[in-house]
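Structure record follows, encoded as structure tokens.
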Amino acid sequence: MPHATQLYQHVPEKRWPIVYSPRYNITFMGLEKLHPFDAGKWGKVINFLKEEKLLSDGMLVEAREASEEDLLVVHTRRYLNELKWSFVVATITEIPPVIFLPNFLVQRKVLRPLRTQTGGTIMAGKLAVERGWAINVGGGFHHCSSDRGGGFCAYADITLAIKFLFERVEGISRATIIDLDAHQGNGHERDFMGDKRVYIMDVYNRHIYPGDRFAKEAIRRKVELEWGTEDEEYLEKVERNVRRSLQEHLPDVVVYNAGTDVLEGDRLGGLSISPAGIVKRDEVVFRVVRAHDIPILMVTSGGYQKRTARIIADSILNLHDLGLIGPEFPCVSAQNSGIPLLSCAVP
């Protein structure tokens, strides 16, 4: 019997399946500026969407913090106890001065925002199944597994969202993860190693962190990119492999890890995708998945430049303008849309 949770409560129809909380953003005495990650990007995305009149506060779903019981669905108690040591959190977040902070401050100022984003991903999973789509304007902590964190990822939100669906939602027994962050998603790969219910497609720069050879064994469709890969090659590989993934394993839900660290100039991602290329990438994924009438959950994952918030907002606006998301969502396929994809042929 699943435990009682606050994350699977009813959401009124008037609210769009876009999940966010002001508590996502990490701010504490400027320490967040010591990491290249823009630790306030999530709020900036929402502000841009409000400025464009797409959303108001009353249309958003307020994320709730994942409880310890929620986290124990995936995480070991030993790992959660390790997070009570500031030096462990400093290592995971890659912000060395965190080691000198009392852990109660680390819990409140660093881990609580990450737990709230994790709760948001779990909530968005249920919403995606109910509404056909959902976006958590946060989450995507794809380097964290049940018993280890790293790369700014302290909680395994993708694994948690899928396991919650498997345990609590009738008819959800197969999932596909489409991970398009610039880095290999070794966390969910370790968690779902050997689990035939979960198909993982991962497109990443082969030369950068984490280089987890063991975790790569869980990838069913692996696309390794070279330094400086640009739009044309990238978009062709993404579309072709998304199509093939859905042919090989037709899931009940897709979790799309939409990292923007593929952006040109991102010194950690090492790829050269333009802002327009990222917007097109997200469009391609949504259109192909929705053409199969499969629910899709998008999380925003990595992105290490100040302009990534604007790009994420532009992508969400584009999905709305094309009718791929909205309050009354129509299933739009490449065939009945006036806006072409890349070539639909699969060689």
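Glycine residues also receive a Cβ, built from the backbone N, Cα and C atoms like all the rest.
Here Swiss-Prot flags His143 as active site, drawing on similarity to another entry. Residue density at His143 (active site): 29 other Cβ atoms are found within 10 A of its Cβ, drawing on all protein chains shown.
Annotated region 'Histone deacetylase' per Swiss-Prot: 14-318, in sequence order.
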Given the model, what does the mean pLDDT over the region 'Histone deacetylase' (14-318) come out as?
96
